[in-house]
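Some notes on the structure that comes next.
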Amino acid sequence: MQPSSQSLEGYQEIRMKFSSSWTFMLTSLGFAAGFGSVWRFPYLVFKNGGGTFLIPYFILVFTLAIPLFFLEVGLGQCKGIGMAHLLDLEKPKLRGFGYVGIVICAYISTYYNLIMAYSLRYLWESFKYPIPWLESIVEQNKPFSRDYFYDSIVQMSTSITDLNHIIWGLFIAYIVSLIIVYFCIKEGVETSGKVAIVTATSPYILLVILLIRGLMLEGSSEGIYYLFKPDFVKLFNPSVWVDAANQVIFQMSVGQAILCLYGSYRKKDDNLPNFSFAIPLLTALCGMLAGLVVFSYIGHVSFKYNISISQLPLSGPDLAFVLYPAILAQMPMPNLWCILFFLVLLLLGIDTQFGFVDGIAGTIEDIYLGEVIVFGNKLTVQQVRLCVCSILGVIGLIYCTDIGFYLLSFVDTFGTNVSFMLGVLFEVFYFGSKERFEKLKIDLEKHGNYVPWLIEFSLTKLCHYTVIVLLIISIIQQMKSSLDYSFYIILIGWFISFSPFIAAIKIYIENRNRIDMSKTDLDIELLTKQVQQ
């Protein structure tokens with residue numbers, strides 16, 4: 001690629017913008033509320049003391065998620081540029097750390113699109129009658145069966161190294177998912193903001209419909225009681241607070257540089273504090289709504305088959321693609337309810353995935369100030385996003401094989417946890433330092449915004465300690481998870497974890513050496529002049 005001839009000021013004038021604050025809100029809300037709201041949050045509430053878990057959860061929403069959201073959006077809004085270029089302008093030696101969040105997004109987006117492909121396959125099968133996965137349930141005379149998902153959709157091999165064949169049906173669904181995402185974001189936020197009006201609001205409407213139906217089922221109240229049954233003893237268990245903090249960070253999508261990019265598409269005088277509180281809180285409520293939906297149906301299954309709720313698969317892919325489809329397939333008008341549920345999953349996935357793709361493409365455009373030139377040709381906004389989607393499609397081929405499900409778990413383990421926390425740690429310590437935060441505060445106040453005291457206290461004092469504790473625990477948990485793999489696979493995994501930072505440190509060292517060499521050359525030049533005189 002060739003360097004841009006465009007000036008920063010010229011680029012910022014022609015740079016795309018959100019049409020209104022509401023399109024920003026819906027786009028950010030759709031990006032944050034993803035699959036984790038449906039298959040992780042309800043389980044964590046149940047696992048960690050029911051209603052008791054909501055105490056640390058909402059404490060951390062206010063002291064961690066909202067401050068980080070405010071910081072990232074505020075930085076982008078004040079500077080009018082994404083995280084990567086922002087650091088390049090402010091401190092070139094550290095510009096590599098501006099790419100960390102985007103690299104992590106690239107890792108996540110590969111397997112996130114795989115989950116979208118699973119949802120699309122199920123949505124397609126939901127139009128068939130009888131429902132395909134109902135057969136194995138009837139044969140085994142059980143409330144659910146894993147056979148359809150693992151044998152027909154995933155077609156799992158024996159291990160992560162046992163690669164045998166491509167699952168072409170899944171690969172087609174993977175490509176179709178990317179095509180949908182491309183058409184949602186091909187013009188950047190100008191189209192994605194409009195699409196978000198539908199994709200960000202529809203899941204809530206569909207979840208409410210599913211909840212109304214779920215509450216009509218026998219035993220639904222038992223499921224909801226189990227979801228919120230308080231166990232105050234667990235409030236003093238550190239692991240409950242760790243789970244709450246992890247869920248808050250991942251669910252709110254902070255630390256990924258996308259929110260900074262979204263902030264840069266706003267006007268400098270757009271209201272920041274109100275949206276910084278509203279969007280994380282609405283995202284949390286999406287998780288609560290999903291929890292009510294999931295456990296109303298789980299309570300019905302427990303009642304109908306006289307099975308303890310704790311014996312049912314309550315989290316992850318098993319919840320979304322095994323238990324829930326089985327429940328819906330055994331209801332009156334099963335096709336309707338299955339279609340609604342997988343539409344919810346697909347819409348949640350689309351919102352988050354076009355955030356990832358748009359974030360990667362937007363960062364590339366920022367680096368080259370809008371002039372991405374390849375082989376002498378300047379790429380348009382559409383072509384940049386088409387290239388990103390095409391690369392993801394090529395990578396997706398390995399995910400759509402019989403080891404794809406193993407890879408999903410592997411990249412989710414090594415590509416997000418530790419590297420994610422390290423990125424947040426840098427963000428908090430660098431931008432949360434007293435001097436830099438004061439500069440941000442002055443910039444915000446200059447354009448009519450203010451910094452609430454809770455956000456200032458959290459960013460300058462509290463978040464530092466919270467993120468350090470989370471990082472230590474994340475390292476321990478990742479080490480435990482890595483024991484399931486062979487030595488060489490573990491090495492590859494830890495390389496993936498640290499790869500964004502290896503590149504950032506390399507850039508830092510190169511810039512420092514270049515600066516040192518420039519100083520040396522200047523000293524020699526001055527010494528030569530003194531000798532000549």
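Note: Cβ is positioned from N, Cα and C throughout, glycine not excepted.
Per TrEMBL, these features apply:
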type	residues	note
TRANSMEM	21-41	transmembrane segment
TRANSMEM	53-75	transmembrane segment
TRANSMEM	96-120	transmembrane segment
TRANSMEM	166-185	transmembrane segment
TRANSMEM	205-228	transmembrane segment
TRANSMEM	248-265	transmembrane segment
TRANSMEM	277-299	transmembrane segment
TRANSMEM	319-348	transmembrane segment
TRANSMEM	386-408	transmembrane segment
TRANSMEM	414-432	transmembrane segment
TRANSMEM	453-476	transmembrane segment
TRANSMEM	488-509	transmembrane segment
Whether the transmembrane segment (414-432) meets the transmembrane segment (53-75): three or more C-beta pairs under 8 angstroms: yes
Cβ pairs under 8 Å between the transmembrane segment (53-75) and the transmembrane segment (386-408), at least three: no
Beyond the flanks of the transmembrane segment (277-299) by at least 6 residues, Cβ under 8 Å: 25, 28-29, 32-33, 36-38, 41-42, 45-46, 57-58, 61, 65-66, 69, 203-204, 207-208, 210-211, 214-215, 217, 219-227, 251-252, 309, 312, 314, 319, 323-324, 327-328
